[in-house]
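Sharing a structure, written as structure tokens. Questions coming.
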Amino acid sequence: MRVFIDKLKDKQDLSFAESKNAFEILMNGKASDDEIFDFLTLLSSKGESSDEIAGGVFVLRDKSKRVNVDDCIDTCGTGGDGMNTLNISTASALLLSSMGIKVAKHGNKAVSSKCGSGDVLEALNIKIDLEPKDIEEQIKKNNFGFMFAPNYHSAMRFVGPTRKKIGKRTIFNMIGPLSSPALVDRQVIGVFDKKLLKIFANALNNLDIKFAWIVNSEDGLDEISPYSKTNVVQLKDGKISEMLIDPIKLNIGANKFENLLGDDAKFNANKMLDIFKGEDNDFSKAVCLNAAAGLIVSEKYTIFIDAYNEARTHILSGKTYNDLKEIQNV
């Protein structure tokens, strides 16, 4: 482990192979607490590279319990934007599943916010502690399955205490959203910092992803924002490109940021139920913007505004609420 730590001390990036080797040592419980501490803090102070992130993802995926499903999408973001918004990507995942898109959602309970995806799904009476075969069945039947990260990544136990001791963001906050136990090859990923857009795209390019959108909005969300421009980096078939989504030009008509602020799991779940029943508000529009990205990445649409309009028509019909009841009954 020391050879990698010494390289990081010299502010040198690790290669993909070196990163894989280092994370193998970490995830096999062969590194001391001091080595884990040095490795994670030095990576953070240097700035994590795409090869370092990809190496970590490769190992974490390899050691996770496996969910065997085909052609699914995930909408798992990094979190950590500090905005305490409603659960936009979780709501967009449920909307997409109601629209016929197979979603293997990977997530956790709250870390920096009041309510993570696991918390809000529990508040909606959706089971989050399912085994792989149950999730496979649920996706087959209802187009939606949730993989609760701690149940699937037992190797994380070796680094958990040191991450707590460090007490701030580490490379694991970036590795987690990319480490789906379902090995999805289509993703919409929100990131907490604009500078991660291309880093994530290059990391995913090492990992056999067919189509991904990595997003960060100019008002600081790790989502597509209904209020301000969102920077998007697209990875499709090995090619990386950039674009901008402007809600003013798209005539989204959202009013004020306060309308997206969340609270505890019960509050957030009730807001989600309201929009699934067809209530039209800023939260509904934000969810449809992010679902539109999912429709693009699933290759059901090629034009963003068309995908958005289809998501709007669907959510306002109330059908999402009826489909949610099927997921709750599992």
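Numbering starts at 1 and runs along the chain as displayed.
Yeah, the Cβs are placed from backbone N, Cα and C, and that goes for glycine too.
Values in this document were obtained by computation on a predicted structure and should not be read as measured data.
Annotations for this protein, taken from Swiss-Prot, read as follows:
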type	residues	note
BINDING	Gly77, 80-81, Thr85, 87-90, 105-113, Ser117	5-phospho-alpha-D-ribose 1-diphosphate binding site
BINDING	Gly77, Asn108	anthranilate 1 binding site
BINDING	Ser89, Glu223	Mg(2+) 1 binding site
BINDING	Arg163	anthranilate 2 binding site
BINDING	Asp222, Glu223	Mg(2+) 2 binding site
I'm trying to understand the geometry here, so how far is the Cα atom of Asn108 (anthranilate 1 binding site) from the Cα atom of Asp222 (Mg(2+) 2 binding site), in Å to the nearest whole number?
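One finds 16 Å between the Cα atoms of these residues.
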Tally every other Cβ atom lying within 10 Å of the Cβ atom of Asp222 (Mg(2+) 2 binding site).
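Around the Cβ of Asp222 (Mg(2+) 2 binding site), 26 other Cβ atoms lie within 10 Å.
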By the DSSP assignment reduced to helix, strand and coil, which category contains Asp222 (Mg(2+) 2 binding site)?
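In the DSSP reduction, Asp222 (Mg(2+) 2 binding site) maps to coil.
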By the count of other Cβ atoms within 10 Å, pick out the sparsest of the binding-site residues Gly77, Asn108.
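Result for the binding-site residues Gly77, Asn108: minimum number of other Cβ atoms within 10 Å at Asn108.
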Checking the binding-site residues Arg163, Asp222, Glu223, which are within 10 Å of Ser89 (5-phospho-alpha-D-ribose 1-diphosphate binding site) at the Cα level?
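Candidates kept after distance check: Asp222, Glu223.
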Compile a sequence-ordered list of residues in the same chain as the residue listed as 'anthranilate 2 binding site', six or more apart from it, whose Cβ lies below 8 A from its Cβ; state 'none' when nothing qualifies.
Leu40, Thr170, Phe172
Determine, to the nearest whole angstrom, how far the Cα atom of His106 (5-phospho-alpha-D-ribose 1-diphosphate binding site) is from the Cα atom of Glu223 (Mg(2+) 1 binding site).
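It is 16 Å, counting Cα to Cα.
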Specify the count of other C-beta atoms within 10 Å of the C-beta of His106 (5-phospho-alpha-D-ribose 1-diphosphate binding site).
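His106 (5-phospho-alpha-D-ribose 1-diphosphate binding site) is surrounded by 27 other Cβ atoms within 10 Å.
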When the Cα-Cα distance from Asp222 (Mg(2+) 2 binding site) is computed for each of the binding-site residues Gly77, Thr85, Lys109, which gives the smallest value?
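Nearest candidate: Gly77.
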Can you give me the same-chain residues 6 or more apart in sequence from Thr85 (5-phospho-alpha-D-ribose 1-diphosphate binding site) with a CB-CB distance under 8 Å?
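Ser113, Leu221, Glu223, Leu260, Leu261, Gly262 - these are the non-local Cβ neighbours of Thr85 (5-phospho-alpha-D-ribose 1-diphosphate binding site), listed in sequence order.
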